[in-house]
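Beneath this line is the structure, given in structure tokens, with notes to follow.
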Amino acid sequence: MRYQINDIHPCVQGEGVHAGVPMVLIRLQGCGVGCPWCDSKETWGFSEKNRVGLADALGTNPRWAGAGVGETLAFVRSRPPKIRWALITGGEPAGQDLAPLAKGLKEDGYRTAIETSGTARGHLGAGFDWICVSPKFDMPGGGEPLPECLESAHEIKHVAGKPADIDRLDRALDGLGLREGVVISLQPESLGRKATELCVKTVMERGWRLSLQTHKFINQR
Ligand code: SF4
């Protein structure tokens with residue numbers, strides 16, 4: 001199994017329940033959802049001219065590399081040793097079969113987390129310790145979150161800018177068999193003032209959580 005990798009780097013998780021936790025972030029290439037506010041648009045495509053070796057792909061850029069599990073794990077191991085979480089994100093990482101990589105990370109002693117839009121199933125059955133589904137609705141690229149992906153989530157992290165975004169999430173979750181204890185986090189779209197006010201008000205009314213993209217305050221990617 002080879003993975004299409006955009007970047008691997010240590011970071012402090014900035015979003016959701018694990019905000020503040022150091023992790024090795026593995027960013028996979030490729031996403032067709034097309035969210036207008038996406039802050040990792042460099043991961044969307046697979047231009048051949050941007051295909052490089054893994055060492056040359058690293059950083060915030062559209063370059064990407066194909067790498068097997070062993071090569072990927074070697075890069076992860078070279079990161080600071082005290083970091084005990086590995087986070088697979090994208091792009092949309094679940095477009096790739098993540099079971100071999102998740103297994104290798106676990107064998108190396110990492111706890112494993114994934115962030116996915118829920119539009120693909122590559123993480124299901126892979127034994128992740130933390131599945132964060134961030135559903136996107138009615139986006140230009142299409143691809144709605146799949147019910148089984150929403151039901152797999154330990155955390156559902158929803159970007160909201162207006163009341164209709166909350167209504168849309170309510171409709172998507174209605175009638176699903178969500179995991180017991182699932183955490184719902186609201187994240188203000190682009191940290192805008194009105195979006196933030198809406199999210200603060202809603203999480204207090206509903207007992208949800210606020211997610212604030214704290215990595216942007218500390219200049220981390
Ligand atoms: Fe960007 Fe994620 Fe939306 Fe894909 S699903 S376009 S990576 S925000």
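Placement of Cβ uses the backbone N, Cα and C atoms for every residue, glycine included.
These figures come from a predicted structure and were not determined experimentally.
Under the heading substrate binding site, TrEMBL lists VAL12, GLN13, GLY14, ARG27, THR89. All protein chains included, GLY14 (substrate binding site) registers 19 other Cβ atoms within 10 Å of its own Cβ.
According to TrEMBL, the domain 'Radical SAM core' annotation covers 18-221.
Neighbour density for CYS38 ([4Fe-4S] cluster binding site): within 10 A of its CB lie 15 other CB atoms from the protein chains shown. The annotation [4Fe-4S] cluster binding site is assigned in TrEMBL to CYS31, CYS35, CYS38.
Residues or ranges marked as S-adenosyl-L-methionine binding site in TrEMBL: TRP37, CYS38, ASP39, GLY91, SER134, PRO135, LYS136. Cβ neighbour count for ASP39 (S-adenosyl-L-methionine binding site) (all protein chains, 10 Å cutoff from its Cβ): 12.
The feature Mg(2+) binding site is assigned by TrEMBL to SER40. Using a 10 Å radius centred on the Cβ of SER40 (Mg(2+) binding site) and all shown protein chains, the other Cβ atoms total 17.
Once Cβ contacts within 10 Å are tallied over all protein chains shown, the binding-site residues GLY91, PRO135 are led by GLY91.
Taking a Cβ distance under 6 Å to any atom of ligand 1 as the criterion, the binding-site residues CYS35, TRP37, CYS38 reduce to CYS35, CYS38.
The Cβ of THR89 (substrate binding site) lies under 8 Å from the Cβ of LEU25, ILE26, ARG27, LEU28, ILE114, GLU115, each of these being in the same chain and 6 or more residues away along the sequence. Between GLN13 (substrate binding site) and CYS31 ([4Fe-4S] cluster binding site), the C-alpha separation comes to 21 Å.
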